[in-house]
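Feature list (source: Swiss-Prot):
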BINDING   300, 303, 346, 353  [4Fe-4S] cluster binding site
């Protein structure tokens, strides 16, 4: 499915560096580093890994003078590596000072994330918020007004709770919290416009950690503004719980046409790559038919007919192989991200699923003849057997990609002009 065939709420388009965000552009995948930004080498390495995995925007923490002092160098090192991913500065508490004191940082970032709940307190709050917006104006940068229910403006909370208590029909506590989030986002976006920031340089978000609350907040928010919306379930958690929670929330909203950029906020397992959040975000969009990022492998779950684990191992190897190739294939073979591959475990559904894919292999189940027919574009082409089935099948996949997606290939796609492109990689 082309992204334009999905019904989306109409929004302005905001440019984050070379990446457009809004209803006229594809839903954008972004991620965030967990390195100390003051450690430029570690941050460059992780940003590069996230970008190579397919992240189209990467957010970095800018929380100290030491971190701010390294942002310009980080940007230049990434550029030297051929990595043009836009960097977003995540500011809390002291962003007004850091942007003023480190102009190299302010210039190098493609967007500033501002949390209205901790930009300042009391009389200093408006002054410090204004300073950050003026920096965005001076450096011609967009901002994200990012409200989080864990860090709402305490003065605003107290005022709204007092007002609610005096209503004839007070809102329930959860409904009041959702309204606080929405009002904070919209009021601060309006304040940014009053200070002179154009409306097409504003993205907003309202983050919560409960699925149903996120859905309700964004449905309401989406009906009350035309700013692009950043979607994400904050503190989603670890492992399958985090994946399921984010998928449940984001899928409902995306199906409603709400959401212009997404991040899946997973807590990594010890030693786990940060890139998993990028893969999950891509797979949410791809399984919904909204965008394509990498060829996905169809594989049966296995049953009593598939006592061998070989088909599972082959499916895993092929999926990893395809994803590993995508940083190069994405630019070399446009359209390959739409390719489908089937790795099936027995004769029941194997031939049928294999015929429906661009390339499919039907491995023998328990008691079946130990051969594996391969189907290309619905036609049986060869039968594999022996110890080299995996290697031989990989060669068939490589040849199919080369023939069909190279220059002049029948499945090759021309660029979409969205700015979401991959440029040649350098070693790191």
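For all residues, glycine too, the Cβ spot is worked out from N, Cα and C.
Around the Cβ of residue 300 ([4Fe-4S] cluster binding site), a 10 Å sphere holds 22 further Cβ atoms from the protein chains shown. Cβ neighbour count for residue 303 ([4Fe-4S] cluster binding site): 12 (other Cβ atoms within 10 Å of its Cβ, all protein chains included). In sequence order, 301, 302, 305, 306, 311, 344, 345, 348, 349, 350, 365 are the residues of the same chain, not among 300, 303, 346, 353, whose CB sits within 8 A of the CB centroid for the [4Fe-4S] cluster site. Remark: residue 353 ([4Fe-4S] cluster binding site) has 298, 300, 342, 344, 360, 362 as non-local neighbours, by Cβ distance under 8 Å and separation of at least 6 in sequence. Counting every protein chain shown, 23 other Cβ atoms lie within 10 Å of the Cβ of residue 346 ([4Fe-4S] cluster binding site). Residue 353 ([4Fe-4S] cluster binding site) carries a helical DSSP state (H, G or I).
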